[in-house]
Amino acid sequence: MSETGQRESVRPSPIFLGLLGLTAVGGALAWLAGETVQPLAYAGVFVMVIAGWLVSLCLHEFGHAFTAWRFGDHDVAVRGYLTLDPRRYSHPMLSLGLPMLFIALGGIGLPGAAVYVHTWFMTTARRTLVSLAGPTVNLALAMLLLAATRLLFDPIHAVLWAGVAFLAFLQLTALVLNLLPIPGLDGYAALEPHLRPETQRALAPAKQFALVFRLVLFLAPTLNGWFFGVVYWLFDLSGVSHRLAAAGSVLARFWSIWF
């Protein structure tokens, strides 16, 4: 691929730029709401969190694709994975629709369906790095959002910072969930190259049940409590109170007040 073609392949799509703009609009509305819980506050935080989460999904998948591209899988550019266009993902419902549903129901940042990358020719270490690239993006976003909240929080604009804290919380839920060594998740994909071939073959069929595990994690009280306990612990390391994220969750999921 020519240098010009490479630049075209990594150029952000208009849809991704639109999602960034929508996130900014939601943030502006939340800023204007100040510290008052009013319809503008609900609308602003809802738009900011949903659009912001879609942006993070794009960046997560871009992390996988760009790392694979750097290690020699140039087909990811042909498939459009480097454009940050959500339409290029393997399955729109699993990549976008299901994560939105999980946020609506339980405030969990569910990872989307993974992009298809070719790693068979890579070294074991590089295959692991490709798998960890997506969760690394979630970690970086969480740190950025929490640092901004810690340093810039202003009670007069508490609505905005509650939304930012909740968006950071979602990044941490995605990080913890993704790093679990469960077939079908990034954590297992990072370990898989280090397993014996017969072990890989034996566990391969379990990958199709990754969604079932996510549902069990969501519905089983013990597993759910353990999962959120880890997330809250990581969140509190930032020095930002998780109560702020809880307030953001209520604003973003405003229907939970009545249902």
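Each Cβ is built from the backbone N, Cα and C atoms, and glycine gets one as well.
Residues annotated as transmembrane segment in Swiss-Prot: 14-34 (among others).
Per Swiss-Prot, the feature transmembrane segment maps to 39-59 (among others); the stated evidence is sequence analysis.
Under the DSSP three-state reduction, H60 (Zn(2+) binding site) is assigned to helix. As annotated by Swiss-Prot, Zn(2+) binding site applies to H60, H64, with the evidence given as similarity to another entry.
All protein chains considered, the CB of E61 (active site) has 28 other CB atoms within 10 Å. The active site feature in Swiss-Prot is assigned to E61.
Feature annotation from Swiss-Prot assigns transmembrane segment to 97-117 (among others); the stated evidence is sequence analysis.
Beyond its flanks by at least six residues, the transmembrane segment (128-148) meets 56, 59-64, 66-68, 71, 109, 111, 114, 117, 119, 122, 164-165, 167-168, 171-172, 174-175, 178-179, 186-187, 189-194, 235, 238, 240 of its own chain at Cβ-Cβ distances under 8 Å. Here Swiss-Prot flags 128-148 (among others) as transmembrane segment.
Under the heading transmembrane segment, Swiss-Prot lists 156-176 (among others), citing sequence analysis as support.
Annotated transmembrane segment per Swiss-Prot: 215-235 (among others), in sequence order.
Among residues of the same chain six or more beyond the transmembrane segment (14-34), those with a C-beta under 8 A of the stretch's C-beta atoms are 40-41, 43-52, 54-55, 58, 83-87, 156-160, 163-164. The number of other CB atoms found within 10 A of the CB of H60 (Zn(2+) binding site), across every protein chain shown, is 28.
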